[in-house]
Each structure stands twice: as structure tokens, then as C-alpha cells.
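To keep things clear, I will list the structure first and then write my remarks on it.
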Amino acid sequence: NANNAAPRIVEHPSDLIVSKGEPATLNCKAEGRPTPMVEWYKDGERVETDREDPRSHRMLLPSGSLFFLRIVHGRRSKPDEGVYVCVARNYLGEAVSRNASLEVAILRDDFRQTPSDVVVAAGEPAVMECIPPRGHPEPTISWKRNNVKVNDKDERITIRGGKLMISNTRKSDAGMYVCVGTNMVGEKDSDPAELVVFERPMFVRRPVNQVVLADDTVDFQCEVQGDPTPTIRWRKEEGELPRGRFEIRADNSLRLTQVKAEDEGSYTCLSENSVGKAEASGTLQVHVPPQIVVRPRDQISAQGRTVTFLCGTKGNPPPAVFWQKEGSQVLLFPSQPPSQSGRFSVSLSGELTITDVHSEDSGYYICQAISVAGSILTKALLEVETPSDRIPPIIRQGPANQTLAPGTTAQLQCHVMGNPLPSIQWERDGQRILGNDERISLMENGTLQITALQETDSGAYTCVASSLSGETSWSGVLTVKESGGLSVPPVSEPYQLPGPPQKPVVTDVTRNSVTLTWQPNAHEGGAAVTSYIIEAFSQSAGSTWQTVADFVKLEKHTVTGLSPNTIYLFIVRAVNAYGLSDPSPISEPVRTQDVSPTGQGVDHRQVQRELGEMAVQLHEPALLTASSVKISWNVDRQSQYIQGYRLLYRPVGGSWSQQEVKAATERSAVIANLLKGTEYEIKIRPYFNEFQGMDSRLLTFRTPEEVPSAPPRAVTVATVKLSNSSSISVSWQPPPTEMQNGVIQEYKVWCLGNDSQTRYHINQTVDGSVLTTLLKGLLPGVLYQVEVAAVTSAGVGTHKQPTVTGGGSESDENVSLAEQITDVVKQPAFIAGIGGACWVILMGFSVWIYCRRKKRKELSHYTASFAYTPAGIDIFGYVWICRPGMMGANMGNYPWLADSWPTTNLVHNGKDSVNCCTSKHDTPERYYNGKTRFYRATPPAVLSDEEEWCPPLPDRTYLMDGVMEDGPAPPPRGVASSPTTSYSHQSTATLTPSPRDDGHCLDIPRLHQLEQPQIARRLPCGPVPVPRAPSPPLTQSNPNLAANQECPDNTVPHRSAHKRDLSQGAAQSVENINNTTPGVFPFLYKRATEVLLLK
């Protein structure tokens, strides 16, 4: 057919990447006529589809496309992955499509690199790395923060090659980051990693520079934020923080209190955390108001001299100093050119110097110091002398006392000094000496010479030096007489006198006194200086020098008794054995203080006005201790007229006390010796001499209470009789007021009994206003101690020394003796002594008992055994103890006795023979009225017929006596209660005669098991020596031992020698014996029982 055409592929398959288990289609469309058949080939092999295998997951669609219901893919088998082609065929030919690959997408679980935690500081870059799991196609990387996808459009965030890079990190970038690997299979999340963004310390508030006044409080702020929370500390550059006056507060601010000038500097706040540190500083400048540290003194000067007034100041900043004469408008500043200041100049240190003093320069000069912190002034008086104010003459050396012979020549010296030069006149006995006697002449140097002395020349000679300034006199006594062979002491030579002291210096001035100091002269003369003389001159007191002090021992002296507001001059002379020295240079004029300020050039109205305008602000008192408080204040308006402050304080409602602060610059004081627990009122007022300023506001404070430091006083105890019991009345007085230390709220009263085993304590608490109480219920015979103490809110105070009282009618002496005896008895040493004494007595008694028993045991005794042993049966054992004279006479013969015992073998030391027999075995009279368990018997030795048998020493035996009062004791468990015993068993008896007591007969049943028959043998029994074993003497007797025993006189015990096995068991029966006679059986039985128990 011409319309037929060969196949042609019109739609070729495309490469596919498909997830495992997902459906997929490889498209293939072919055209041709007839319609071509389409087949698929994978990797060159034909693909089976559902047409060949209906179960196949591959389907060939009508269009020719290959459809996969699901992609099958495994680690080992990968049937669907490969290169596919589709082939279209018809009879005209075939067409082959292009290759198409089908790949299965894969995404592994494990990340090849997981992100790690990162810690950065804010502002720094942060990088988190991630390599996704292996997959096909290769997975892409994205990031999530706190489960929210990271916005990579933020210019700070870059995701490149799996890395997440954040530049300039912020606190908001912190969180949990997850790396997400994605391909067509799906998404895989990595383990989360944390990005921690720390913040370096950043200052929210910085310290600022501050300027404050001294004694103020200053705060430097420092507020910092950061993560982790930064630590903050403070330091002072080039120094330490003021010790005791700084505080770092809760908000990290630095507080300085009572700042001083030395606190100035830079204060730095240092903040630090794990990612950084920061610091900020603020400077402190402390302004200290100006203070006068060297005050100028009032001065007196002669005209033409140079005067200097000192004025030392301090303050911060340093104050500017200038001077001003009171009443003048001219201000004198430092470094002013001379053309402006003339004769006045002020140095840089604040000294005022006046050259060529004129009389019109007299007056007050005011020194003023001023700065930004305040101002202060002080003044001093300058007095310029007029000619009438000149100093009176001074006699350097006057006439000395002399004794001369008649006919000799006398020279009385008078060396003077003064301006103008004084004239000299002489007097004798108050009468002026005229020049009419040629023997008397006045020399040029003022010396009076008398030649050809006569006795009438004797007298008191006075040198009078006078000038326009005044006059001065010096007297000496001349005595003219025959020497009579006596040596007359010569007149002192000038070199023998001490040198003049140096110029005296005034160190202190008051209204009535002046304190002087001086330096001695190196030249002491012919003898040591012994004292000094001080002379003074004052125009108001006269026109001559007066001695105001003598016999002064030290180089410092306070001259008293001076007049107020008076100018004085002083000279000092040294004294030794040869006389007085020349005078010292004259001191500077000094004026004593005036009684009133007006005398010092101060207007009292101005003083009162300025004091009234002063405002003193009193701060809240600061308690130092329970009895002291610190008071501080500041002054709003400073006045030059202030000498100090008066602190007035009192207990509320009491009288005022006063404490003075004598320094105008002080701003605090401590008041001590206050009453504890007391509310006080306090105020402060400034003063200047007798003038007082306004009081500050009144403040109150309370000192803390303490426990009373003294007990109540006058504690008395009186006995009160009430019915059957005794009572006491206790009264007291409060402690001294100054020792109460607060408000007494109550009193505690203790009444303590003396018995330590039974405490008879009666305690009471009464109100603080009650001073007596009644204590009831005191017991007779008990000594009581009464104590009383006062109680404040701080606690219980000191106890009053115990007051002793007795309860009841017994006398104190009896009670005291009983008390002493009781105390002695209760002492551990007494108890131990009593116990020791009892132990010694007990041990002594035991030794005595032992020695007595040992002595009795040394007496002779014998032991014999006999046995009747039928073969192969159980036996009962019996022990017989027989003593002569106690056996019954009606004894019968018993078949189990082989023969009679020879009497001769039982004679011991020539005493009566001992005969043993059995009692009536079928009667209950042989039973012991008590409980006895016999555990073990001593087997006799086995001897041959030829040997003579001697009884062995008995084993130590013990008896357990349990005497019953109500009749026979029941037999032990498992034993028949019949009082009779079968005698068909083997029996053994042991004979122990005693030479002292009467004979006793006793049998003790014993249970034994024999392993084999024994052969009975007759053995003779001979005398036995006295045993030395340590057994106690057999002296005990038992009143319950059975009587009615019969012992024949001529019987000899026969013993069947056999070996017995005693290990088969113990005796289980208990025999009752009703009628007993005294004997040694109980003791022996007890000893035997104890031995058996021990073995």
C-alpha cells in the first residue's frame, strides 16, 4: 500500500531521576503505517512488561510509553535503573529512539559533617559548617534557626558551600541551628548546634566628672549590661579608695562620704566578662573652703621700722589672698607693682610687709582668702609707737653686794643702756649722793668709786638710770668693817657671769598671761646657770622695768597676773653663783587679749548681726556605740566672727549638758558617756566669746539598749508562814539609773533549791514596775538561793549575788550539815571508796572460808567402790556415805552384796570402824527431798587379784541443792515418777568415811549404759592416806538427808573390778529423800555434779 510508512519516533524518551518506590514514565511515541509495535530495551536487553508477565510492575502503555508502577531499587538489585531505548517496528522497518537514562534518587541518613556549637561576641562573625549526607542528586543545603528557615536575603547572612556565615552577629541571632539537606528524596535534618552570642560589657551609665565641697558625699554611677553579666570593680588611679569612707552599692555605683582634698583624682569603673572588658572613668575635684592656718599677730612698731604680717592659708583650689586696711577702699594683691602699693607689698605666700612705718599706719589690717569654695578673713592690729612710748633705760649690770676693809677703795658699777642715753645718779640709803665728798667720784662708765673707805660708808647704794622714757634702779649693799683675819670674797669678774639669753619669743597670749620661750647662752660663766629672772615693762603699769618672775628653772615660762588689753615688753636674765647676766634682747611688744571684742577693734553689733545670720544645719546623729554618738553639721553661711560651737544635749525631759567645739572649721564631734537605751534631744549653736548665734533645729535620737550592767539593789528575803507550806517575800530596788541601760520591762526572780537530784526550783517573772513578790511552796529542810535580775529589751542583766534562805522550820545549821553530808555521799570518790572497802571485806571473808575448808580437807578419808553387774543391761549407780554411830541396827542382808567387808580394812587412825549398807530400797524414805541431777560418776580402777586396791583421790564434785518445801520433787521429763528403783541392774557405790562426824547413809541413783559385760572381782580396801587435793572440806550437812539407814558393824565392802563406759549418757532420774539427817552428802553431791558438768 502506497500509504504505508516505516516507523518514525516522534517523541523520544527523556532522562529521568526517580525516587525509590515512586511511579515513573519513560515517554516514547512512534508513527508509521501500519502502526508500529513498540518495545523497550534496557542496557541492550529487552524489557519485560505486563504483556509478557502480568505480575510485572512495568506497563507498556498504548502510546508506547513505558510506565513503572513503582521504582524498584535495592543495594544489591537495581532492576529499574539503567539506559533505556524504545524500538518501533512494522514490516517496513524499525526506528530506535535516543537513549534515556533512568536513575534512582538517593539521600543517605548521616551527615558527612554536622554543625558544631559556636560562641561569639556580638559584632563578631559567626561561621557554622555543614556537609550534607551523600545523595543523588546531590542534596542542597538550607538552615533553620529555632525551627524557622534562615532568611538568606539578610545581607549579613550568607549560605555558601554548606557554610552558614553571619557577619556582625547580634544578640537576636543566638539560637539552635539545624542544617537541612534536601533533594528529590526529601529532607534530612542535622543534629542541632547552638549559636551563643555573648555581649561585651557596654556602659549604660558612665561615671561623670564631679566637683564637690569637702565633707560632702559623692556618687559615681556605673551601669553596665552584657552577657554573661559582667563583674564590676572600682579603682582610683594612682592611689587607693578612701579606706572606711567608700561603699560600692547594689547598683554598682561608688559612694564616697566625707570627701577630703586628698580624695581628688580619677575613679575608674572596670567591667569584665568572659568575652571582653570595658572601663570608664570620672574625675573628682574636692573644693575645700579657704582656711587660715597662720593668723597674723597684733604688732607694735616704732616709726621708721619695717613690719610684716603673716597670713597662711589653705584650701582647694588654693585661695587668692589680699589685704585691706580697715576703713580703706584700697585692696593690696600679691605682685602689685610698687608704684601702686607704695610702702605696702603682699608676697605670693600672702605676707603683708609695711616698710618705713608711719604713725598714720596704725589700725587693723584684714587678710582675706577667697576661692570658688568660699571665703574667710582675719585681722591684726598695728600700733605705731610715739616718742612717749619709748622703752625706759635698762641697767645691764648694777652694784653688787660687797664687804671691804676700812681704808680700801670701793667701785660700785652701773652699766646702763637706752635711747636716749640715760643719766645716772646714785643714792645711799635713799639719799642722793652729792659731789661734796672728795673721796666719792662718778666715773664716765657710771661706776661710783669711794676711796679710803670708812665704816660710815656702809649702806645700800642704788644706781638710778633715767631718761625721757623712764627710769630704772639697781641696789647693792656695801659693808665696811675689819676683816679680822677672815677672807673677804672678791667681787665677781665679768667672765664669771653667765652670758645673756637670746631674745624671748612670745608663743601664746591670753587676757592675763603671756607665754615666753628663749634659748640659753652658750657661755655659762664660772658656774652653771641655776635659774632665770624675767622682767617686764608696760607704760600702763609704770615707767620702769619690773621683775615679774624669778627662780625660773626652764627656758619656757608663762607670765601670769598681767592686765588685759595691755602692751608688754620682756627681757630675761640668767643667774648663776656669781650673779646675774646682762639682759636678753627685748622681746617684741605683745598685747594681751581684751575682755570684749570691742577692745580688739571688733564692732559687737556687727558680731551679733553676723552670728544671727549664720545657719547651722545639724545632720542626723550616727550611733557609734551604745553610749556614744557622732554629731556632724554644716554651715550654710560662714562668718568671720565665730570661735566654735556649743553642742547642747539632754535626755528628753532632763537638763541640758554642753560640749564645746573650739575650732570654727570643725564639722563633727563625738559625744560620749551617754546613758544607754535613752532618748536624747540635741542642738548646736555657734559662738564668739560671750556672743551666741541661733540654735539649729532640734533632733532626737535614742541610744540602743543593753542588758543592765548592775543587778537590782537592796534585795531582801523575808519568811512568811502560810498553812502547811512556807513562803518567802522577796523585795528589791532597781539598779542604778546610769547602769539600767534602757527601760526595765520586767524582773526575773529565781529561787533555787539545793537538792541536785530533785530540783526544788521556783521561778517568777514580774513587771518592771513591781519591786516585790511572794514565792510560795518552799519545802522544809531545803536550802534555797534567791537571785534577782532586771530585764530590758536587750535581755537579762546581771544577777544579784544569791541570797540564801531555808524552807521550813529546820535550822540553817542542820540543813547546812545535811547538805554537806549529802554532797559528800554523792561524790564519785566516796562511792568508789565504799565499793573498794566492800570488795576487800568480801575477798578477806572468801580467803578465810577457803583456808578453813582446806584445813578440814586435810583430814583423812577413804573411798571404796563395789558393784554388782549383770551382763548386758543398764545400771543404776549409787553412792554411799556412811559414818559410825548413825547406822540403823536392823539391817538385813542384801543379795547384791557379794560378802561382808573386813572391818580391819576400814579402820582409820584407830578410830571407830565404818560400816556401810543399803537402806530399805523399796520405801520412799531414801529419796532426797529436792532436785538433783547426777551427770557423771568416777569409774573405779580395775585391779588384779594380787593387787591391793587403794581408793583414788575423789574428783572435784559439786552439789546443786534445790530443797523443796512441799514434798518430793517430780522426776525429770522422761523418767518414771515411781519412788522405787529396780535393783536388778549393775550398781556401784563409793565409800567415803569421815572420822569426825556421826555416820550417814545415803544412796544416789546413777544411770549408766554399759557397752559390754564386766567381771566382778573382790578387792580388799586398806587405809588411805590423807589426800592433798584442793577440794573443800566436807563440812556441809543437809537436814533433808534420809534417815533409817542400817549399817552392820562387821561388813567389808567388795568391789567388782570392771571398766565402765561413762560416755554413753547422763543420769536422767531425780530421787526424793524425805527424812534426812545431818551430814556431808549435800556438799559432796554438789561438788560431784559440778565436776561432771565441767567435764
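Note that Cβ sites are derived from N, Cα and C of the backbone, with glycine treated the same way.
Over in TrEMBL, the protein carries these features:
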COMPBIAS  977-993  compositional bias 'Polar residues'
COMPBIAS  1034-1043  compositional bias 'Polar residues'
COMPBIAS  1065-1074  compositional bias 'Polar residues'
DOMAIN    7-103  domain 'Ig-like'
DOMAIN    109-196  domain 'Ig-like'
DOMAIN    201-285  domain 'Ig-like'
DOMAIN    290-383  domain 'Ig-like'
DOMAIN    393-479  domain 'Ig-like'
DOMAIN    500-595  domain 'Fibronectin type-III'
DOMAIN    615-706  domain 'Fibronectin type-III'
DOMAIN    711-812  domain 'Fibronectin type-III'
REGION    962-998  region 'Disordered'
REGION    1026-1074  region 'Disordered'
TRANSMEM  829-850  transmembrane segment
TRANSMEM  862-881  transmembrane segment
Counts of helix, strand and coil residues, the domain 'Ig-like' (7-103), according to DSSP
0 helix, 48 strand, 49 coil
In this predicted model, what is the average pLDDT of the domain 'Ig-like' (290-383)?
87
Look at every Cβ pair spanning the domain 'Fibronectin type-III' (615-706) and the domain 'Ig-like' (393-479), keep those 6 or more apart in sequence, and say whether at least 3 of them are under 8 Å.
no
Count the Cβ pairs between the domain 'Ig-like' (393-479) and the domain 'Fibronectin type-III' (500-595) that lie under 8 angstroms and are 6 or more residues apart in sequence, then report whether there are at least 3.
yes
Pull the DSSP breakdown for the domain 'Ig-like' (109-196) and write it out as helix, strand, coil residue counts.
3 helix, 44 strand, 41 coil
